[in-house]
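Participant: Okay, here's the structure, questions in a sec.
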Amino acid sequence: MTSLDDLPIRDDLRGREPYGAPQLEVPVALNTNENPYPPSERLVKALGEAVADVAGSLNRYPDRDAVALREDLAAFLNEDTPGAGLTSRQVWAANGSNEIIQQILQAFGGPGRAAMGFEPSYSMHPIITRVSGTRWIDAHRDEDFGLEPARAVAAIEEHRPDVVFLTSPNNPTGTALPLESIEAVLAAAPGMVVVDEAYAEFRRAGTPSALTLLPGNPRLIVTRTMSKAFAMAGTRLGYLAADPAVVDALLLVRLPYHLSAVTQAVARTALAHGAELLGTVDRLRRERDDLVGWLRGEGFTVADSDANFVLFGRFPDRGRIWRGLLDRGVLIREVGPPEWLRVSVGTAEEMAAFRTAMKESV
Ligand code: PMP
């Protein structure tokens, strides 16, 4: 049998592991930070009609620049962050924010260039960075998972990275960054600064979005996704807001017609039902805060969370707890620093199942 090692694969890919969040069929899946609420019957009907509308012209390529979708996304962001004042020229969309990140690295990274992040953070940042031929530099988060501006600035000045990734709220810790940290990084960074806001809609009251920093900062990119709060992970739609010149740069690397007509139609329909889809966010936030309280009450250490998941510990053998939960039908994620586990926020029933399984597993 031929193995990977027998193939003339790129030297720098040899021995690498693919992204591997286990996809298991379980009664309670709390492992990939999805929104647990499926689309309503009304939305399912609207999505079906939107797909039927484009089905008759699938012999033609879709709008290569996804203009109508980008207009809808800009309108959504302007509602989410009053004062953002974004136009569709400042918004770009792709198949998940992972593809957005890949396009950013294709345009601003590459051989001979470096990207910096602060781990523990989203595991795909280093993976996409390396696959794009870019060198990865991990400058670490602080002990409390925050990012002390002076230390971040010192790391940037030492390494002069072409791209800096900040994740806020951070995955897997849930930590949101104050704007001062982002501003300090922007002032020090010689290249692009990407603020990955995949979980922004879950942020607590008073936690600002980096979108407010876009005016006057053409090297800032804020990425978002419809996979989390928007409950559309299956659609694969991620997007960014930045200076129009950044969008011009990404046009150089994107594949023509990368966003299918079906994706564009489904995403626009979901955005038109945005109030309904985002209607679950407050419920999930409350469920998250209850979960944090419960875990602390049980004596666990819990990181403050502005997202729809919670990092908790500390377990000398976290694998045993993870397995104990799985044996009881509850799948969470063994991710982040050793001794910690991450659980996504689900429905009230799912969280009750998690609490019962935890009591039986520790
Ligand atoms: N950024 C962060 C911080 C994430 O946690 C994720 C998904 N886990 C993504 C980006 C990618 O999401 P998607 O490609 O579904 O938009």
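Note that Cβ sites are derived from N, Cα and C of the backbone, with glycine treated the same way.
This is the feature table in TrEMBL:
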COMPBIAS  7-17  compositional bias 'Basic and acidic residues'
DOMAIN    28-354  domain 'Aminotransferase class I/classII large'
MOD_RES   K228  N6-(pyridoxal phosphate)lysine
REGION    1-20  region 'Disordered'
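Describe the structural context of each listed feature in the structure shown, including burial, neighbouring residues and relevant distances.
Facilitator: Same-chain neighbours of the compositional bias 'Basic and acidic residues' (7-17): 130-131, 133, counting only residues six or more beyond its ends whose CB sits under 8 Å from a CB of the stretch.
Around the Cβ of K228 (N6-(pyridoxal phosphate)lysine), a 10 Å sphere holds 27 further Cβ atoms from the protein chains shown.
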